[in-house]
């Protein structure tokens, strides 16, 4: 009995010692979650990178044929036609020095998640089976990023891409989803997006200067927004959705601009166009380019059916021609008060009632003005106050309603000849000549029955 009592006391002492040790340890070092990870932060389900952890970037150009990477990764061109080819490449390479071309790919998904950098171009083309492209770790494409002829492609996921020289996507007709860090990607040469189902093309905040900006034939595209400042070559937007709103709030200088089929154009900082500027078949009501000062080629404002207001108050020089035609809601051309010179010809046609150029001193080409309105006064052009015409291109024609005035001038503006024609009378004479032709025809089969002749005569004189 005493033995049992002693054993019980021993167990009690051991248990008490363990309890005290555990309690003291807990007080000194409280329990922590594994790695101190908070799985969700402020309700955000995305895992966030620590602030002091730099984003991975690689300079592919620093790698060379002597770098300690697989010989496979140093090839100038990799052609991938199957998932087996791709597995073999990605099993050995995170970085490739040359270009990657995917063509006639045999799978629905192109998984490039193992690649981090491409030293040449990434070209994915002519793969009608391809539905999705994913490249979750791809950071840099030193050359062209091209998608072309991918008729089943729906989504592109490239969330970490920070640089490519040019972006060219053509004939990807059902592409409607792109996961891309467009606010941080840098593109230094061309942006061409054609024949997609994208609804928005936005941001490109780091894109400051490029050679080409061409967005066309994207039938569902409703918004284009970019912070680009200079376009060294062609800036073209056309054949997208009629509701398209184009906003380039920082654009200052462009080589050449053609804008069609838009409902809004916002270019508040545009100062200089080195070549031509054309707005054709748009749906906007107002065109405000109040900071534009010089156009190195032709200015064309053509067939914009809703246009009622234009602001070009600071434009002083057009080195090419000036064409304003078929803008059926535009009632006057008085929006160029500081224009001093037109280096080419003038062509105006519409229903405008007034034309006014307060500062215009010289038109180096000819001029043709035609308005269906009888209110337009051609005399201010045909009877210059100082006796010399500002038109120096040889001939001037102004048609107001049914009246036509013409001038022939020398290169110094001296008027050689004036002309006037009543187009109403000319129309009546033309009708009479047609009737006379049939009435006096020597061929009996061509002669008119007197009753029919009388009916034709009345109809033609009335109409």
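Here the Cβ of each residue, glycine as well, is placed from N, Cα and C on the backbone.
Taken from Swiss-Prot, the feature signal peptide applies to 1-25, supported by sequence analysis. Taken from Swiss-Prot, the feature repeat 'LRR 1' applies to 127-147. What Swiss-Prot records for 251-275 is repeat 'LRR 4'. Residues or ranges marked as N-linked glycosylation site by Swiss-Prot: 256, 314, 327. Residues annotated as repeat 'LRR 5' in Swiss-Prot: 302-325. Under the heading GPI-anchor amidated asparagine, Swiss-Prot lists 440, citing sequence analysis as support.
Features recorded in Swiss-Prot, as mapped to the structure shown.
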| residue | record | Cβ contacts under 8 Å, 6 or more apart |
| --- | --- | --- |
| 256 | N-linked glycosylation site | 233, 234, 235, 273, 274, 275, 276, 277, 297 |
| 314 | N-linked glycosylation site | 290, 291, 292, 293, 338 |
| 327 | N-linked glycosylation site | 301, 302, 303, 304, 305, 307, 350 |
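The helix, strand and coil residue counts that DSSP assigns across the repeat 'LRR 5' (302-325) are 0 helix, 10 strand, 14 coil. Here the repeat 'LRR 1' (127-147) is broken down by DSSP into helix, strand and coil counts: 0 helix, 11 strand, 10 coil. Across the repeat 'LRR 5' (302-325), the prediction's mean pLDDT works out to 98.
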